[in-house]
């Protein structure tokens, strides 16, 4: 706050978060330090660029008054975000019970004989707050992590190896699966062929048995038939 004897002013620097084609406002607070009625007037070096409400008024004893300063929308960026605009707040003691309608321009001139207090304010442009950065693609749920990049722009060798392994493992597993399926298919075909052959031989043996039943058959022949049946049953289960 300023060290003025009549009005304290906060802030002493008008800070505007500059954005193109957008009106921007900031506020001033005027505090009456005395037991008198104090009239004030706010002036600027660029009156067409700024709107001040109120630009004149009366601050009651030991009271405060808020002033809103609005910068009109700008079409061009200022060089290096620098601003040379200035504001001047003039204040003077006025009569007890005075109101804004009692204020005249002559009250703030030296010719009036009044002790006019003046405080200069500067304008500063600041960059507007930046929006939050988007979520990196690598951090999205379900996506694969990306390899980190070192300061010199090279991907870490260990992460390249891990990525290569992760790429090769599914291919190796796929090759092993295909080989297993092929081997099982071959074994299945061999079993089917053997089964068909045994069925043919069993059918042949049955015919022989049925022929020999009339005249009897040897004990060895019965054993052979039983063994063939056992082997065939085992193959059917597998």
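First residue shown is number 1, and so on along the chain.
Glycine residues also receive a Cβ, built from the backbone N, Cα and C atoms like all the rest.
Look at TrEMBL and you will find 6-126 tagged as domain 'MSP'. The average per-residue pLDDT of the prediction over the domain 'MSP' (6-126) is 95, rounded to a whole number.
Sequence annotations record features per position, and here TrEMBL assigns region 'Disordered' to 127-153.
Taken from TrEMBL, the feature compositional bias 'Low complexity' applies to 141-150.
Taken from TrEMBL, the feature coiled coil applies to 181-215.
Per TrEMBL, transmembrane segment is recorded for 216-236.
Shown for the domain 'MSP' (6-126): DSSP residue counts in helix, strand and coil, namely 13 helix, 63 strand, 45 coil.
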